[in-house]
Structure formats: structure tokens, C-alpha cells
There are 2 protein chains.
Amino acid sequence: MSDNQPETEEATGVEETGIYDADGVISSDFLAHIGAAIADRATLTLKQDVSSLHQSEIGDLLEALLPEQRRALVELMGDDFDFTALTEVDEAIRLDIVESLPNAQIAQAVQQLDSDDAVYILEDLETEDQDEILAQLPFTERIRLRRSLGYPEETAGRRMQTEFVAVPPFWTVGQTIDYMRDDQNLPENFSQVFVIDPGFRLVGAVDLDRILRSKRNVRIEDVMRETRHAIPATMDQEEAAQIFEQYDLLSAAVVDENERLVGVLTIDDVVDVIQQEAEEDLLRMGGVGDEELSDSVMTAARSRVPWLLVNLITAFLAASVIGLFDATIQQIVALAVLMPIVAGMGGNAGSQTMTVTVRALATRDLDIYNAGRIIRREMGVGLLNGAIFATLIGLVAALWFRDPDIGGIIATAMVINMFVAALGGILIPLLLDKVGADPAVASSVFVTAVTDVVGFFAFLGLATWWFGFL
Amino acid sequence: MSDNQPETEEATGVEETGIYDADGVISSDFLAHIGAAIADRATLTLKQDVSSLHQSEIGDLLEALLPEQRRALVELMGDDFDFTALTEVDEAIRLDIVESLPNAQIAQAVQQLDSDDAVYILEDLETEDQDEILAQLPFTERIRLRRSLGYPEETAGRRMQTEFVAVPPFWTVGQTIDYMRDDQNLPENFSQVFVIDPGFRLVGAVDLDRILRSKRNVRIEDVMRETRHAIPATMDQEEAAQIFEQYDLLSAAVVDENERLVGVLTIDDVVDVIQQEAEEDLLRMGGVGDEELSDSVMTAARSRVPWLLVNLITAFLAASVIGLFDATIQQIVALAVLMPIVAGMGGNAGSQTMTVTVRALATRDLDIYNAGRIIRREMGVGLLNGAIFATLIGLVAALWFRDPDIGGIIATAMVINMFVAALGGILIPLLLDKVGADPAVASSVFVTAVTDVVGFFAFLGLATWWFGFL
């Protein structure tokens with residue numbers, strides 16, 4: 001650190017970069033400043049103020065700008081625009097920007113990127129544009145990107161970086177360090193050195209800290225670990241993420257079908273995958289498909305129709321159960337007033353159990369070793385909370401309609417429905433998981449169907465029988 | 001790699017360690033084998049077969065065993081038991097095992113651990129036990145652990161590792177490498193070297209790959225980056241995780257209130273935090289508190305009561321709305337049959353919008369720059385899907401009860417409720433977020449309350465007015 005830098009610069013938090021406000025949102029001052037610079041076509045200001053930002057900060061800035069401002073910003077900055085920022089924005093925004101640029105400029109920019117970022121940007125483009133861009137790249141780079149793009153979406157091969165450091169096992173630590181000092185084509189960041197045989201097949205890996213604490217004359221094969229967690233390029237990214245999580249990996253070798261080293265998967269990509277999978281689970285449980293915030297009304301509406309349709313069917317099923325007892329309801333209207341309480345409380349209790357179950361299945365915390373205990377526990381919870389709320393609701397209903405019979409009937413129906421809800425809440429996701437369906441997607445519909453049907457049937461059926469309408 | 005190792009061992013996937021079955025669950029064969037060894041007190045077998053496992057594998061094994069088997073396993077393995085495995089199990093299981101051990105043995109084991117793992121195990125113990133264990137540790141270790149434990153739960157200070165490598169800025173790369181070769185007390189794994197001034201204040205950091213590609217005579221201050229993302233020890237772990245995510249960090253310096261370096265936070269801890277926060281959001285949206293799978297019936301039942309209670313109140317609110325129209329229902333029982341459809345479909349549409357909103361708020365994708373657009377979009381989706389499903393339901397209802405009036409009334413009520421559901425689904429979480437409440441926790445109750453009340457009121461109210469019962 002040179003002497004003329006102020007001491008207070010030493011350990012500044014993220015807020016102090018000044019582009020975010022207290023809520024962590026791009027500050028309106030900064031946005032106005034950049035907006036004005038774009039309007040004035042003040043290229044120099046933009047280059048100065050935007051180039052110094054981190055790629056994710058540029059991404060946030062792009063998302064806050066208007067579409068035409070975004071395109072103008074990228075155009076004005078020219079070669080100074082950091083294309084990695086495009087990996088940090090919504091897919092729709094990325095496509096909009098990339099499609100506004102000439103393919104030659106994209107080809108130029110892509111060469112500066114790590115291969116995983118390049119693939120991220122190229123994969124959404126039309127095959128035609130992809131081909132045109134790839135054709136303008138140097139041979140080795142073209143081959144590498146083609147190989148990554150050749151693997152299916154959401155696989156390790158798609159997410160891997162093809163730049164890595166690999167050395168033969170008979171090299172010494174000193175040789176390896178000298179090699180790294182001399183080679184100008186090292187990846188931008190790396191945390192381990194791979195060890196390969198003459199056929200490029202993976203032998204092992206050495207973490208950098210291991211190299212640094214070893215003497216120069218030690219042979220690489222004596223400090224390397226055998227790679228127990230090599231990731232096949234065709235492995236699903238979610239499965240790869242689970243391996244990272246389980247074994248606390250920072251990076252892992254990706255190998256092709258002949259166990260040749262083809263790339264490296266790094267933890268930052270895996271963090272994105274973990275976030276994405278958690279998001280998917282949450283959205284699915286809420287009855288929403290793979291939606292993005294930038295989707296249009298039509299796209300969003302369409303993605304939600306299937307779930308609403310399934311719910312419509314179960315709603316009519318529940319309605320037809322009510323229809324069985326229309327004569328009873330006509331005699332005692334109080335039943336119509338109270339019946340949504342029985343169904344609703346059951347639905348809530350069921351969705352509590354279901355949420356716990358779906359999450360435990362996703363994290364693999366629920367398995368054959370504890371399923372029996374958890375099922376028994378949920379039955380206990382259902383009976384216990386069923387009894388508590390049955391008493392409460394029974395009392396209120398009896399007082400409201402001045403009829404102890406109504407109180408007793410709703411209390412009994414509540415206990416039944418809360419117990420069935422607990423049972424359904426755990427058995428339905430377990431069953432769906434067993435048959436290979438995603439419990440996050442479908443459980444909710446079935447659980448609600450069960451608690452509605454059982455809730456209405458138990459309550460109205462009991463009332464019909466008790467008051468002698470049968 | 002020595003010559004007598006078989007070639008096929010080079011790149012084995014995780015499945016091939018043989019302790020998991022195809023579903024990723026501990027295989028019953030392996031479990032039976034370990035169970036038998038525990039029963040026979042076959043210490044040697046256990047030491048051989050368990051010590052070779054990764055800490056997370058031992059964790060999975062412990063969770064699959066019965067409580068008395070777990071305690072016996074730890075006891076039989078003695079000093080060979082890897083205590084880091086305890087950081088991989090449920091809190092209840094960890095406590096059960098730790099409390100079964102004498103404090104002297106824990107003190108012994110804790111000394112072998114990285115400080116973050118040690119804190120993880122110690123933090124759940126009673127203060128008395130903590131003190132007794134800490135008293136048996138060497139001075140510096142005691143001081144370090146006490147400092148970590150002194151920071152509030154869920155802060156960076158609690159999760160940090162106090163072992164790190166720090167050098168002065170005027171050292172050369174060569175000096176730094178030599179220091180690492182000689183020092184026996186280096187942390188087990190590290191990916192960067194910190195740079196500090198004589199007052200132990202943080203000046204910057206150098207990634208290991210940077211050190212390795214620099215010449216020996218280069219000074220550290222010339223290759224270091226200034227640390228822009230130093231994490232205050234008191235920062236909430238979730239906020240720290242967001243910084244890691246945004247800036248793709250592998251590790252970050254943790255500093256005290258005087259900007260002195262006190263520890264390092266690493267990405268593997270951050271991945272756990274991200275998982276935990278995603279889990280919390282999911283559970284909260286499902287109406288479940290901070291529950292663990294190992295909780296008892298009583299604990300689980302209690303954690304779910306508040307949500308059920310709030311729902312009970314809104315259910316009675318909805319029931320009282322129905323009560324307003326009991327005379328109408330008595331005349332036309334079809335209304336009682338159909339009314340849950342209006343409320344239910346509205347509830348589903350509302351929870352779709354709410355799920356998208358809550359998630360976008362959590363990932364900070366929804367902010368003042370796009371809120372207006374998203375609100376308009378959701379209103380559009382509500383109207384569009386409202387119109388589609390109103391038509392469908394109206395037709396079915398009209399045919400079912402052979403009454404076109406009923407069809408028209410339910411269709412109108414549906415459009416109203418789906419539109420209100422969309423509006424409530426986005427405005428309620430936005431409002432809760434604005435006032436500082438957690439939208440994941442409370443949104444669902446309010447949204448359901450709104451869609452129930454509006455659904456019943458619109459449907460029954462319209463019918464009452466149309467059929468002239470007013």
C-alpha cells in the first residue's frame with residue numbers, strides 16, 4: 001500500500017462504495033448521475049464511474065436502468081464494458097442487451113471472459129448467432145466453448161470453467177511454482193492444481209495452501225490427494241451442488257466419459273445453483289412454475305394456469321361433497337357459516353406438516369431411518385393441536401349459535417380433519433417422492449383436496465346424522 | 001501416486017465409497033455392519049471403517065443410528081472419533097452426544113478442531129459446562145473461543161475461524177512462502193493470506209494463486225488487494241452471506257470494532273447460512289417456526305399453534321361474513337355449495353403472487369425501480385386468469401344448477417376476487433417489508449383473510465342483490 005492512501009480506506013464495508021442506499025438498493029443519486037451521463041453521451045464519466053464497479057454492482061445498475069439506457073450504456077462504454085456483468089442480470093435483460101449488439105463485438109468480448117461466463121452468455125442465443133460468434137473466435141477457444149455448449153443444460157459440463165492448471169505427478173513443488181510464475185495463460189482465479197497423466201486423465205489434485213507449505217523438492221504426487229469427488233460432465237448441476245455441500249469443496253474437477261479432465265466447477269457457480277434450487281422449491285410449493293420477475297403478463301399468467309386448473313377440479317370435488325348435504329344446510333344454515341372453518345384449519349395444519357416434509361425430503365434429512373418416527377410425531381401433533389383447536393372452536397360455535405350440539409359436532413369434525421391433515425401432510429409427499437414425482441410441485445393440491453373433502457364431509461355428515469336427517 | 005494403487009481408483013464418484021445406497025441414504029448393509037460392530041464392542045473395526053469417512057458421512061451415519069448406538073460409537077472410538085462430524089448432525093443429536101461425554105474428553109477433542117467448529121459444538125452447551133471445558137484449554141485457545149462465543153448468535157463473529165495466516169505488507173513473496181513452509185501452526189485450509197499493520201489492523205489480502213504466480217522478490221504490498229469487503233464481527237450472518245454471494249468471495253476477513261483482524265469467514269460456512277435462510281423462508285411461508293426434524297411432539301405442536309391461532313381468527317372473520325347472508329343461503333342452497341370455490345381459487349391465485357413477491361424481496365430482485373411494473377403485471381395476471389377461470393366456473397355452475405343467473409354471479413365474483421387476490425398478493429408483502437416485518441412470516445395469513453372475506457362477500461353479496469333479498 002502506498003503512503004498517500006488515507007488510512008480510513010483500509011476496511012470499508014460494502015455500503016461505503018456509495019452506489020447503494022441503506023436498503024441495499026442502487027441509490028437514486030447514483031442512478032440519476034449515470035442516467036445524465038448516458039443522456040449526455042459522457043463516455044469518459046461512464047468509463048470512470050462504471051468500470052471501477054464489481055460485476056455484480058454493474059448488474060444491479062443495469063437492472064435499475066431503463067431498457068434504452070442499458071443498451072446505450074453498453075454501447076457507449078465499448079471495450080471497457082465488463083461483460084461478466086451480464087451474468088448477474090435477469091435472462092430477459094441479458095438477451096435484450098446481447099441481441100442489440102453486433103455479433104463481432106460479442107465475439108470480441110467473449111474472448112476476455114472465463115469460459116463459464118462466456119457459455120452463460122452464449123447459451124441463450126439462437127444457434128445461428130452462436131455459430132456466427134464462435135466462428136470469429138480463435139481455434140482452441142472455439143473448441144472449448146463448443147464442448148461446454150454440447151453438454152445438456154443444467155449439467156456440470158455447462159457450468160464448468162475450461163481454464164485450469166494441470167501438471168504431471170512427477171513434477172516437484174518447485175517446478176510447479178515456477179511454471180505458474182511463467183505461464184501467462186493461467187485462469188483468473190484458482191484454488192487448486194490438478195494432476196494428470198499423459199492421457200490427460202485425472203490423477204489427483206493439490207490445494208494451493210498445500211503447495212505453499214511444502215518444500216520445493218517435494219514431488220507433486222506426494223502431496224496430492226486422490227480426487228474422490230470428480231464430477232462427470234453430464235452430472236446434473238443440483239447433484240454436483242450436493243457433493244460440494246457435503247464435502248465442503250471449493251472446486252472440483254469435471255471429467256468426460258473417459259475420465260479425462262475437461263474443466264473445473266467452482267463454488268461460486270455452485271452457490272448460484274443452490275440459490276436457484278431453493279428458489280425453485282419455494283416457487284413450486286406456492287404453485288408457480290419457473291417464472292422470472294421480468295416475464296410479461298401473458299407468460300406469467302400462462303405459467304400459473306395449470307395449478308389453478310388442478311385446484312379448480314379439487315374445488316368442484318369439495319363443492320360436490322357439500323352438495324350431498326344441501327338438505328341439511330337448508331335446515332341449519334349455521335352449518336354453511338361454520339363449514340369453511342373446519343376445512344380451512346385442516347388445510348393449514350396439513351400445509352404445515354407438508355412444508356416440513358417437503359423441505360426434509362429436499363435436504364435428504366428425511367429417510368427410511370426416521371420416517372416411521374416422523375409419521376408418528378406428526379400424528380401426535382395433529383391429535384394434540386386438533387384437540388386444542390376443536391375445544392376452542394367448539395366453544396365459540398356453541399356460544400355463537402347458542403347450540404351445544406353444533407359445538408360438539410364441529411369439535412368432533414375438527415379433530416378428525418386435523419388428524420387426517422397431519423397424516424396427508426406427511427404421507428402424500430412421501431408417496432410422491434417414492435414414485436419419483438417432485439413432492440414440492442404436487443403435494444399442496446392433494447393435501448388441500450384431502451382436507452377440504454374430509455373437512456366438509458365430516459362436519460356436514462356428522463350434523464346430518466346427529467340431527468336425524470338421514 | 002504410488003505404483004501399487006489400482007488405476008481405477010483415480011476418479012471415483014461419491015456413490016462408490018459404498019456407504020450410501022442409490023437414493024443417497026446410508027445403506028442398510030453398512031448400517032447393519034456398524035451396528036454389529038458396536039454391539040460386539042469391536043473397537044478396531046469401528047476405528048478402521050469410520051475413521052476413513054468424511055465428517056459429513058460420519059454425521060449421516062450418526063443420524064441413522066439409534067441414540068444408544070450413537071453414544072456407544074463415540075465412546076468406543078475414543079480419541080479416533082472426529083468431532084467435526086458433530087457439526088453435521090441435528091442440534092438435538094449433537095446435544096445428546098456431547099452431554100453424554102465427560103467435559104474433560106470434550107476439552108481434549110475441542111483442541112483438535114478449527115475454532116469455528118469448536119464454537120459450533122460449545123455454543124449449545126450450558127454456561128457451566130462451557131466454562132468447565134474452556135478452563136481445561138491452553139490460554140490462547142481459551143481466549144479465542146471466549147471471544148467468538150462473546151459475539152451474539154448468528155453473527156459473523158460466531159461463525160468465523162480464528163486461525164488464519166497474516167503477514168506485514170513489507171514482506172516479500174519469498175519470505176511469505178518460507179514462513180508458511182516453516183510454521184507448523186497454520187490453519188488446516190486457507191485460500192488467502194491477510195496483510196496487517198503492527199497494530200493488527202487489516203491492510204489487505206492476497207489470494208494464494210496471486211502469491212504463487214509472483215516472483216519471490218516481489219513485496220506483498222505490491223500484490224495485495226485492499227480489502228473492500230471486511231466483515232464486522234457483529235454483522236448478522238445473513239448479511240455477511242449476501243456480501244459473499246454478491247462479490248463471489250471464498251473467504252473474508254472479520255474485524256472487530258477497531259478494525260483489527262480477529263478471524264476469517266469461509267465460503268463453506270456461508271453455504272450453510274444460505275441453506276439455512278432458504279429453509280427458514282420456506283418454513284415460515286408454510287406457517288412453521290424454527291422447527292427441527294428431531295423435535296418432539298410437544299415442541300413441534302407448540303411451534304405451530306401461533307399460526308393456527310391467527311388462522312382461526314381470520315376463519316371466524318370469514319364465517320361472520322357468511323353469517324351476514326344466512327337468509328339468502330337458506331333460500332338458495334346452491335350458494336353454500338359454490339362459495340368455497342370462489343374463496344379457494346382466490347386464495348390460490350393470491351398465494352401464487354405472494355410467493356413470487358416474497359421470494360423476489362428475499363433476493364432483493366424487487367425494489368423501487370421495478371415495483372410499479374410488477375404491481376401492474378400482477379394486476380394484469382389477476383384480471384386475465386380471473387377472466388379465464390370466471391368463464392369456466394360460470395359455465396359449469398350454470399349447467400350444474402341449471403341457472404344462468406348463478407353462473408353469471410359466480411363469474412363476476414371470481415373476477416373480482418382474483419383481481420383482489422393479485423393486488424393483495426403483492427401489496428401485503430411489500431407493505432410488511434416496508435414496515436420492517438418479515439413478509440415470509442405474515443403475508444400468507446393476511447392474503448388468505450383478504451381472499452376469503454372478499455370472496456364470500458362478493459359472491460353472497462352479489463347474489464343477495466341480484467335475487468332481490470336486500
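The backbone N, Cα and C atoms fix where each Cβ goes, and this holds for glycine too.
Some features that TrEMBL has for this protein:
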{"type": "DOMAIN", "residues": "A:160-223", "note": "domain 'CBS'"}
{"type": "DOMAIN", "residues": "A:224-280", "note": "domain 'CBS'"}
{"type": "TRANSMEM", "residues": "A:305-325", "note": "transmembrane segment"}
{"type": "TRANSMEM", "residues": "A:331-349", "note": "transmembrane segment"}
{"type": "TRANSMEM", "residues": "A:381-401", "note": "transmembrane segment"}
{"type": "TRANSMEM", "residues": "A:407-432", "note": "transmembrane segment"}
{"type": "TRANSMEM", "residues": "A:444-467", "note": "transmembrane segment"}
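Beyond the ends of the transmembrane segment (A:381-401), by six or more residues, the same chain brings 334, 338, 341, 345, 349, 353, 407-408, 410-412, 414-423 to within a C-beta distance below 8 angstroms of the stretch.
Mean per-residue pLDDT, taken over the domain 'CBS' (A:160-223), amounts to 90. For the transmembrane segment (A:331-349), the residues of the chain that approach it from at least six positions outside its boundaries are 318, 322, 325, 382, 385-386, 389, 393, 397, 401, 403, 406, 410, 413-414, 417-418, 420-422, 425, 447-448, 451-452, 454-456, 458-460, 463, 467, 469, judged by C-beta separation under 8 angstroms.
Broken down by DSSP into helix, strand and coil, the domain 'CBS' (A:160-223) contains 19 helix, 17 strand, 28 coil. Broken down by DSSP into helix, strand and coil, the domain 'CBS' (A:224-280) contains 25 helix, 17 strand, 15 coil.
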